[in-house]
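Asker: Structure incoming, see below.
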């Protein structure tokens, strides 16, 4: 996180302290007190947006000037999000993990990608979402000591999304990053991404957590097997399982990218180790990685079949006796 302590807010002209709530303009990097920005409603340097104007920390600017005076012109660049100075050869900001955009046109385009309701990057955020940068931006270098080209071959569909997240996770050390696909679809997401062990484990756990709900249906339907069950205990068990289902949803949503990064890293490294020198590993990486629509379709079909079977098991006796709900 960038240290703005001692810098001056351009609205109230008071120096920032370590306890101040600070927001930063995503276009020029100017820091503000949150209350000051809410008072003005816009960046005071809005008329300079779209030019080469970038706010700079006086302390860091002097360091950058010294570097240039030592015969290294252009050796530092400003992060478009937090304003920190970075080596010109770097791909990502050393402080916040944001990809460093190499041209003014990209800076202008980045403005259009900000959300209308909150155009300021919150300093409390750990990793910016990939949608705040160009999705198709090519990632170079290495991630976890593996060349980005090999990552891209293994990841397949939507590789840029994962590469941006993985690179940011590596730079910041963060493990918990939101993945809405995993949050909402659970085991189906992992089947789609070929993470079989996690997929089957989640599928089994989710099935077990639904047993009390099935028992509730059997009690309501007066199933013969439910004759001696205590409805109160079953209701309590269903409530507890519902709670754990929500916990599981948040766990899989926050941990999916970390798990996928580890899974992919092991697979890629294994293939690279087995590839003879001089041979291109990309065909093997594409075959082992990517996505599996077939696995997704089969898992959805099995789930639907199980739902039908359980439904018939719970109320089938009513149909056989001529009693209909």
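Every residue gets a Cβ built from N, Cα and C, even glycine.
TrEMBL: automatically predicted annotations, no manual curation.
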Asker: Looking at 157-174, 175-192, which one is transmembrane segment according to TrEMBL?
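Answerer: Matching range for transmembrane segment: 175-192.
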Asker: In TrEMBL, which of the ranges 117-140, 237-260 has the transmembrane segment annotation?
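Answerer: Result: 237-260 is the stretch TrEMBL calls transmembrane segment.
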Asker: If you look at how TrEMBL annotates this chain, which of 199-221, 268-290 comes out as transmembrane segment?
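Answerer: Going through 199-221, 268-290 one by one, TrEMBL gives transmembrane segment for 199-221.
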Asker: Match it up for me: which of 86-111, 294-319 does TrEMBL list as transmembrane segment?
Answerer: 294-319
